[in-house]
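Let me begin by presenting the structure, written as structure tokens, before commenting on it.
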Amino acid sequence: MFEIKKICCIGAGYVGGPTCSVIAHMCPEIRVTVVDVNESRINAWNSPTLPIYEPGLKEVVESCRGKNLFFSTNIDDAIKEADLVFISVNTPTKTYGMGKGRAADLKYIEACARRIVQNSNGYKIVTEKSTVPVRAAESIRRIFDANTKPNLNLQVLSNPEFLAEGTAIKDLKNPDRVLIGGDETPEGQRAVQALCAVYEHWVPREKILTTNTWSSELSKLAANAFLAQRISSINSISALCEATGADVEEVATAIGMDQRIGNKFLKASVGFGGSCFQKDVLNLVYLCEALNLPEVARYWQQVIDMNDYQRRRFASRIIDSLFNTVTDKKIAILGFAFKKDTGDTRESSSIYISKYLMDEGAHLHIYDPKVPREQIVVDLSHPGVSEDDQVSRLVTISKDPYEACDGAHAVVICTEWDMFKELDYERIHKKMLKPAFIFDGRRVLDGLHNELQTIGFQIETIGKKVSSKRIPYAPSGEIPKFSLQDPPNKKPKV
């Protein structure tokens, strides 16, 4: 069996960096080199301050960096020396041309394939780590075949990641499963077994699943679509709970005890975010349309539509409760990352909520323990603009949650950081304008509602009626309409 002794990973982001750090940590005899064109990112990986925050990552990196784990911008040499090359580059949703707003943009995958074949000789395994549309491996294979040379043998595998940001190291060390897809040929199966041997250093063999390449690629898209679907499903029930007096947490507990359903991903919130869910579901929608499956495409599109609705609905409740206007009012936004225990803001619901409120003229004071000011400014600015006038005028980045809440009309919790449960809310209430509102978009304050109401707060949360006095936002109850793909930069229609 072919033995993998040197690994190259192209892409030092949220997937490539942690994944290869754990491989190096678990396989001290394998030399792992993570490469990227971004020199500042590589410098950060080689410094005490890593470019991404992930619990446990720093300890893993420091245990093997400089021994069998290396970070470099020398991509060509790393490819030449490697027995296995992971492709772990970004596959964003296309923002132009055919498939705009839905299809995956594979330009970085194509660039990697061309660079790999240019710098390879002999036998080498090339493995997709990035989330890609079905049959992306076939496209890579066609590039390899069109640029073949004597004695070159490149085998293409699919090995999608299933880690969750915030628990990535735990997920990598103790995965539910490892999925490897390859060609159903002797050469393809030889490559599959070689990669299996790497994971078998710490993963039980029964947890390593092998399939054909297409099943592996589709399994990743389907897994993210199913998880997103569950969140949208419970969020749809949260709207019903608010209208009827039911509590979505109690409903989720009741249905989650059914073993056929289970209790995972039944946490109602202001909406899902992150780099994967929306991108992958939209990719699935586009794939279904391209394969002439319009009914299937419409089904999965509803998952995204419900997520968009949940965000708009929450923004509407804020405006509704604050006497139909937030113009020139100070609102504290607690949390900007898309989830706790990460600094990743991609598709964060906090971005959407902030933009909705900014378009109503609200002054936002934003605090997040792990997201730097520069990232918040970029996320709230128009594309291609370093910092637009609206952001300069309406957004302040606070150094701590108490500063953000000082003099605020309302506190809006958008990320479920544990620290928000431990704040001195009596201190916060004293410094806020009255009536003082808390809008808990993540239900992190469940169990504290009576205490907070005793202090004097008006509480609004997802999927439960807490405060009873509310002023209708509009006689019709209509929710402002915003474009799904283009967060609002215009006044809502009411």
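In case you wondered, yes, glycine gets a Cβ from its N, Cα and C as well.
According to Swiss-Prot, the feature active site, proton donor/acceptor maps to Glu161, Lys220. Feature annotation from Swiss-Prot assigns active site, nucleophile to Cys276. Per Swiss-Prot, NAD(+) binding site is recorded for 11-16, Asp36, Arg41, 89-93, 130-132, Glu165, 276-279, Arg346. The substrate binding site annotation in Swiss-Prot covers 161-165, 220-224, Arg260, 267-273, 338-339, Arg442. Summarising the annotation, Swiss-Prot assigns N6-acetyllysine to Lys107. Look at Swiss-Prot and you will find Ser476 tagged as phosphoserine. Residues annotated as region 'Disordered' in Swiss-Prot: 88-110, 466-494. Annotation source Swiss-Prot lists region 'Allosteric switch region' at 129-135, citing experimental evidence. Residues or ranges marked as region 'Important for formation of active hexamer structure' in Swiss-Prot (evidence: experimental evidence): 321-325.
Structural mapping of features recorded in Swiss-Prot.
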residue : record                             : CB count, 10 Å
Gly11   : NAD(+) binding site                : 25
Tyr14   : NAD(+) binding site                : 24
Thr93   : NAD(+) binding site                : 19
Lys107  : N6-acetyllysine                    : 13
Glu161  : active site, proton donor/acceptor : 23
Ala164  : substrate binding site             : 15
Asn224  : substrate binding site             : 22
Ala268  : substrate binding site             : 28
Cys276  : active site, nucleophile           : 25
Phe277  : NAD(+) binding site                : 23
Going by C-alpha positions, which of the binding-site residues (Leu221, Ala268, Phe338) is nearest Tyr14 (NAD(+) binding site)? Phe338
Please identify, from the recorded positions Lys220, Arg346, the residue with the sparsest Cβ neighbourhood, meaning fewest other Cβ atoms within 10 angstroms. Arg346
Fill in the CA-CA distance, Ala164 (substrate binding site) to Arg346 (NAD(+) binding site), as an integer in Å. 14
Between Arg346 (NAD(+) binding site) and Lys220 (active site, proton donor/acceptor), how many Å separate their Cα atoms? 19
State the Cα to Cα distance, in Å, between Phe277 (NAD(+) binding site) and Asn224 (substrate binding site), rounded to an integer. 6
What same-chain residues lie close to the region 'Disordered' (88-110): Cβ under 8 Å, and 6 or more beyond its ends? 9-11, 13, 15-16, 19, 128-133, 136, 139-140, 143, 278-279, 282-283, 285-286, 289, 485
Report the same-chain neighbours of Val132 (NAD(+) binding site): residues 6+ apart in sequence with Cβ closer than 8 Å to its Cβ, ordered by sequence. Thr91, Ala104, Leu106, Ile109, Ser158, Glu217
Could you state the CA-to-CA distance between Asn90 (NAD(+) binding site) and Ala268 (substrate binding site) to the nearest Å? 29
Out of Lys107, Leu221, Gly271, the recorded positions in the record, which is closest to Asp36 (NAD(+) binding site) when you go by Cα distance? Lys107
Nearest to Glu161 (active site, proton donor/acceptor) by Cα, among Thr93, Lys107, Lys220, Ala268 (recorded positions)? Lys220
